[in-house]
Structures are given as C-alpha cells and as structure tokens.
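The active site, proton acceptor annotation in TrEMBL covers 67, 138. The annotation active site, for ring-opening step is assigned in TrEMBL to 136, 143. What TrEMBL lists as domain 'Glucosamine/galactosamine-6-phosphate isomerase' is 11-230. Residues or ranges marked as site 'Part of the allosteric site' by TrEMBL: 146, 153, 155, 156.
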Ligand code: F6R
C-alpha cells in the first residue's frame, strides 16, 4: 500500500482528484467506482472544476456506486442514487446511462446484487475504486465480520454506522437499517483502489486498516492484500499511524516518474 499523508483535508481532495484525472487521461473510457458520504466530496468538486475548465474530458467515463440504502425511495435526497446524481453525474456531466447504483428498492435483493455484479463484469471491471472508510473500518457498507469473499448483497448496518450517518437525515430513526453493498471481493477486483480519509474520527480505523492485522473485524484491512492500493489521509486521520514519519519521508522522496 502507498500511504500519503497530507497537511489538510482540502489537499487530500486535490491530490486524489489529480490521481483519478490521470487514470481517465490514460484511459478515456475508464470505469470508476464511486463512494458516497463526506470523504470523497472534495474529489468530485475538483474533478467537476477540471471538466468545467476543459482540462479533463470525462464524456466516455462510466461508473458504479459502492452501495445503496434499502427501504428509502430513489427520490429521497439521501438515497445514494440521488447523492450520486447530485454530487457526481450532474456536476461532471457524466452520461446518466453510464452511472449505476445498486437497486436498493428491488423486491428480490439477492437477484439485484447478482445483476449488479454482472453489470460490473460486462463493463470490463472497475479501473479505479474510490473508497471512504467508516469509523469502524467498513468499506462500502461491509461492516465488521463481513466476508473477504463477499459480493454485492444485503447487509445490516451497525448502530455505529447508523448514528454516524444520522447527520444526513432528519432524525436517527430515519437512517435505514439495511443496504445493498458491493462485497469486499467485489471491491478487491477493482484494478486500483484509492481510499481517502479526513479528520480525527477516522484515525483509529486508518491505523487498524493500514498497520493492524488483516481481519474481518476491520474490513478495510483487506486492502493490504491489494496490489495497487493508495491511502490518502490528512494529518488528523494519520494521527495514530505508527510509521507516519516513514510515510511522510517516502512521499517527500517519491521519484518524479512516480508522481501522481
Ligand atoms: C459510502 C460508503 C461508506 C463511506 C464511509 C465513510 O458509499 O461506502 O463506506 O465511505 O461510511 O463515510 P463518510 O465519508 O461520510 O465519513
């Protein structure tokens, strides 16, 4: 894994967007994996800015979201279908037909998960998957003890996740209890992973994911087994990393041909 520690949350957004833009320039029809939540918002804003000023062309990019709540209508402003439309598809002017979100309203959720897996396969797989991390170490909505082999399926949200996400809803009781999420096996199939985290609330999860044992108790720790995983964090989220100085030194001395 490559660990990049940056002075501020804003710089995480800018550098992550630069890395994604490079992927798209190298492969104009790249398939991106999208995360929702607060962590990637600065990335989407930076990418939207680059598409506005003409320095980035995303017209051939397609995308798959990581997850969707079960039990809220698509038009609910906090459904991930609505969030992706508002924060990504619209601002980047992506073709909506090329942007998919798991169908959390399907009557047969198991079949919906299988269809989603098939759609990702048919698109040729995900070139770069953007990830946030939950305070309990989840990626996607793969809560602790999720199988490392899991594929897109229904999951029950932990109380911790529901209370963390209550800020998006009128009341804590309104936060859905279930979701349809890409599995850890699905995420690990992406050709490249980019996890971003900002703020002190993520420090323990980041340390466990990067330096702890690979364990389903911290689902993000499976990233240690990915060949191309980059973790970009601000100083607050990096605060509990034992080898922080090494990561800072490594990034400062990154060979020019390896720059983002
Ligand atoms: C969202 C997702 C989650 C979030 C995580 C962090 O699609 O898959 O894993 O990335 O819960 O959320 P924020 O960024 O809001 O702290």
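Using N, Cα and C of the backbone, Cβ positions are placed for all residues, glycine too.
A gap of 9 Å separates the Cα atoms of residue 138 (active site, proton acceptor) and residue 146 (site 'Part of the allosteric site').
The active-site residues shown are 67, 136, 143; of these, the one with its CA atom nearest the CA of residue 155 (site 'Part of the allosteric site') is 143.
Within the set of recorded positions 136, 146, 155, 156, no residue has a CB atom less than 6 Å from any atom of ligand 1. Looking only at other Cβ atoms within 10 Å, the busiest spot among the recorded positions 136, 146 turns out to be 146. For residue 67 (active site, proton acceptor), the nearest neighbour among the recorded positions 136, 143, 146, 153, 156, judged by Cα separation, is 153. DSSP gives residue 67 (active site, proton acceptor) a strand state.
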